[in-house]
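So that you can see what the record holds, here are the features copied from TrEMBL:
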- A:205: active site, proton donor (ACT_SITE)
- A:105: NADPH binding site (BINDING)
- A:190: L-homoserine binding site (BINDING)
- A:10-129: domain 'Aspartate/homoserine dehydrogenase NAD-binding' (DOMAIN)
- A:137-316: domain 'Homoserine dehydrogenase catalytic' (DOMAIN)
């Protein structure tokens with residue numbers, strides 16, 4: 001039986017999970033693939049990052065060259081993270097004729113197009129299923145099962161840390177700080193969770209998803225990104241009163257003209273919506289399509305074994321082609337020019353929390369003002385004498401901005417909070 | 001640009017949905033596949049079954065030969081349903097060197113192994129993604145993304161009619177008969193819904209899923225299959241009191257010895273479980289795996305367009321291989337001998353509804369009896385003076401049977417209802 005040799009770059013959580021899956025499922029893999037897959041080498045620049053396994057049967061090397069010049073190695077798994085060195089390594093590996101699998105979401109969000117082009121020009125694979133929603137096979141499903149579909153929208157809970165924090169605030173009544181601490185204690189937040197909380201991590205994953213779902217490469221600086229650190233227990237209570245949960249959403253909505261509206265941040269989801277049930281550190285991607293209707297993929301977003309399982313799935317796609325001496329399927333050949341919704345086209349309904357000096361007078365003014373913009377205020381709910389909650393009808397981003405500016409000029413009325421509501 | 005020609009056998013709901021997706025997404029398909037896909041002929045034995053489309057650009061033929069002898073046609077989509085004639089047609093198409101896509105779950109459950117072997121011996125495709133959970137890409141995910149995974153269990157809500165009926169009974173308080181009528185009125189039940197209600201339809205789909213998930217071909221007569229027609233409004237109220245919903249589940253659980261326990265029927269799902277949120281006619285497949293943890297695929301189980309989308313995905317997998325003149329990937333090469341759990345190994349927790357002539361004496365006897373079998377009764381909840389609800393600890397099927405026989409011999413105690421609870 002043929003053996004295909006692979007090498008790891010780095011041996012942290014993802015690589016150790018991948019290694020465990022390959023070893024534990026050795027027999028099933030050999031049966032399914034008619035071929036053996038063996039780890040031959042791992043590059044470790046810093047042995048401190050080495051995740052100890054009970055024992056391992058591969059060679060630790062400290063130079064990339066030891067892997068690139070080894071002709072028996074056909075697949076390189078980049079599992080170091082980081083950007084610059086990882087990018088250099090992937091480029092070098094592709095130039096040396098190796099297929100590459102990576103879980104590096106930062107790199108694939110930033111340089112995915114460039115690296116994919118390099119791989120395709122070499123006839124090599126560059127797969128990265130584990131980079132988005134670690135344990136959920138969403139990229140492969142978009143690639144194969146939705147290849148002919150015209151998706152209208154995609155909404156994801158794709159950052160487990162922020163979902164855990166908001167879930168704990170909702171279910172346990174914790175403050176943001178307490179929930180963050182709980183996330184750290186349980187291992188659901190890293191020591192520095194900045195990019196989980198400020199939305200950047202989810203934005204990167206959304207950029208990767210949009211490339212496959214809509215064929216567009218979206219630069220991060222074109223995305224509206226909000227963090228979850230301003231969400232208060234009071235917000236959670238107030239939105240719950242109106243029948244909503246606050247979830248950390250990453251959404252992309254295609255309008256009728258083929259323009260995409262993209263945003264990341266805490267958003268309201270109706271309590272009976274399928275995404276409302278995605279709690280704790282779990283991830284989900286919810287799609288609406290012309291043909292497929294509503295489909296949701298739910299699963300773990302992180303963890304050595306779930307992520308390792310997806311890295312192995314990528315490896316085996318390459319192995320399958322190698323065994324049959326075939327071309328490597330491109331992850332996607334569907335690309336359209338970047339086309340982002342203009343502010344006067346994007347449409348959102350919003351949750352508003354108003355502070356009013358005089359409730360009745362203030363409400364009168366607000367209702368008139370919203371009507372001027374052709375939008376009514378629904379579910380008007382007073383909280384004490386000086387606060388009112390409401391849901392606005394959907395209106396354009398541009399109109400919202402102008403309306404908010406007008407409100408802020410009225411004496412005795414201020415906006416305490418605004419959250420967008422999950423769109424279609 | 002190359003054109004690949006396909007033919008339909010039958011032109012009902014599935015074929016018309018497939019045709020719509022192919023036409024509407026023509027441009028995206030051509031871009032993604034670097035190839036055009038065109039429907040050339042459709043076999044119609046009975047024009048009464050013809051689903052009218054606004055116009056169509058293919059030829060209607062009334063003999064299979066007109067398709068089999070047409071060398072320009074490389075892919076045949078069997079969309080007639082039924083068993084005998086469909087089987088003859090698929091065999092004839094494979095023998096004539098055509099690739100086949102089908103949505104025929106009855107045929108694939110009964111003769112899937114035989115037909116797959118025929119296809120593989122000819123180096124041809126036989127794909128059937130749409131046969132299970134119409135709009136959800138579950139077979140493809142099992143084939144590629146869980147190829148190396150050791151799944152522990154799979155639980156599906158894979159019959160939309162019965163899910164709709166139980167959802168309406170739960171949410172609207174309807175009786176079984178009222179809910180069935182509502183399902184018919186809304187088009188969620190066929191004129192003859194017998195096999196949806198008696199569990200056979202779900203059992204067929206479970207058999208197909210088990211072949212891909214566990215590598216086992218399970219004859220339907222080896223499955224424990226119960227229908228949903230005995231579920232009463234009272235059962236739904238009682239189980240709800242204890243925190244459960246009654247859902248139409250199809251489950252397969254692998255034990256530590258590699259034996260599979262398979263059953264279909266109304267089962268209890270904790271209200272906070274992910275499967276509890278799958279309501280109305282929607283479908284879902286929930287898996288637990290050694291590496292992947294818990295993953296759920298949620299989406300429409302039926303409908304012309306969702307199903308058509310999956311048929312098109314199957315067609316495009318074949319097109320992809322044809323364009324690159326490659327071998328056709330087998331849906332699964334992983335097979336193990338049939339190994340079903342023995343009754344003394346299968347473990348279930350059950351919901352019990354007891355009728356007791358003398359509640360306190362009866363409960364005393366019952367508790368002692370369950371203890372004899374090493375299982376305690378939990379959540380004991382009296383309903384009036386003569387009824388008690390309880391959840392038993394997990395016990396083997398064999399023990400349950402003996403215990404139930406013993407209870408039925410006690411004067412003044414009877415079992416009104418038993419439901420199994422979703423296992424792990």
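Backbone N, Cα and C define each Cβ position, glycine as well.
All features noted in TrEMBL, drawn onto the structure.
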| residue | record | Cβ neighbours (10 Å) |
| --- | --- | --- |
| A:105 | NADPH binding site | 23 |
| A:190 | L-homoserine binding site | 12 |
| A:205 | active site, proton donor | 26 |
Checklist entry - Between 0 and 100, where does the mean pLDDT of the domain 'Homoserine dehydrogenase catalytic' (A:137-316) sit? => result 95
Item to check | Alpha-carbon distance [residue A:105 (NADPH binding site); the residue listed as 'active site, proton donor'] in Å | outcome: 6
Next on the checklist: Cα-Cα, whole number of Å: residue A:105 (NADPH binding site) versus residue A:190 (L-homoserine binding site)?
Outcome noted: 16
Checklist entry - Using DSSP, what's the helix, strand and coil tally for the domain 'Aspartate/homoserine dehydrogenase NAD-binding' (A:10-129)? => result 57 helix, 23 strand, 40 coil
